[in-house]
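As written in Swiss-Prot, here are the features:
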type	residues	note
BINDING	47, 48, 49, 66, 93, 108, 115	S-adenosyl-L-methionine binding site
């Protein structure tokens, strides 16, 4: 499938979710850590969280990671004023290895506002574009290729397991029948229309769009998001100094359950937020995306 044009990096100027809560947590660290410590921003995106941290802590340095070329471009432009205090690396956090210990590892999971708002990326069912959904448009198979190659059974299982969609069998059957009879879908809205047709009319206009869970499942599969998260949860504690913070922000239950379980069972970590931190009503009003966010924080234990 041909890729659509990639938009300007300026669209990454979104509001970082729960920025105040992250800064507040960092300020609770011992001052000797925040005076000259290193932070690993595992999902730098447009650089919003990193910019806030660098502005609030003049002695801190950040290594920022991202696999999206447009995010790298946007973050580099936004953070250039911080000079050598910021280093940006083009990589998936699952592939990152590091030896210098950090005072914090921060991960803001999932798809960004920019990626949702840019039709050419193919993440949105509201804006028509190619059925792509790759975080890195230059690597791996697109969502269109995925639905083409999977069997109906495997597609149904994927939609059920990664999207928690109860109508997964009906949706998979519809998609595979359409592909067999009419060839590839013309774009994301064409696919979304087919998915919506698997729901009773009264359920097509509810609070949650009929395509939400299926699009989520395809995006997670295309980018191996849960596999990458499992890798991060395993490796990140080794990057931390004693008392260093591991902060993970998730936007759906599949991610949050894994983060919660890992923090609870990992003997390298002490859970600091027994319940997830949620965005304030004021933030949700300004930034509706923050409503589904859950921030969990743990600290590196001293291991003898």
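Glycine is treated like the rest: Cβ placed from N, Cα and C.
Swiss-Prot feature annotations superimposed on the structure.
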residue: 49; record: S-adenosyl-L-methionine binding site; Cβ contacts under 8 Å, 6 or more apart: 16, 19, 22, 41, 106, 108
residue: 66; record: S-adenosyl-L-methionine binding site; Cβ contacts under 8 Å, 6 or more apart: 43, 44, 45, 72, 75, 88, 90, 91
residue: 93; record: S-adenosyl-L-methionine binding site; Cβ contacts under 8 Å, 6 or more apart: 42, 43, 65, 107, 228, 231, 232
residue: 115; record: S-adenosyl-L-methionine binding site; Cβ contacts under 8 Å, 6 or more apart: 68, 121, 123, 135
DSSP three-state assignment (helix, strand or coil) for residue 49 (S-adenosyl-L-methionine binding site): helix
Count of other CB atoms lying within 10 Å of the CB belonging to residue 48 (S-adenosyl-L-methionine binding site): 24
Number of other Cβ atoms within 10 Å of the Cβ of residue 47 (S-adenosyl-L-methionine binding site) across all protein chains: 28
Residue 108 (S-adenosyl-L-methionine binding site) CB neighbourhood, other CB atoms within 10 A: 23
Structural state of residue 115 (S-adenosyl-L-methionine binding site), classified by DSSP into three states: helix
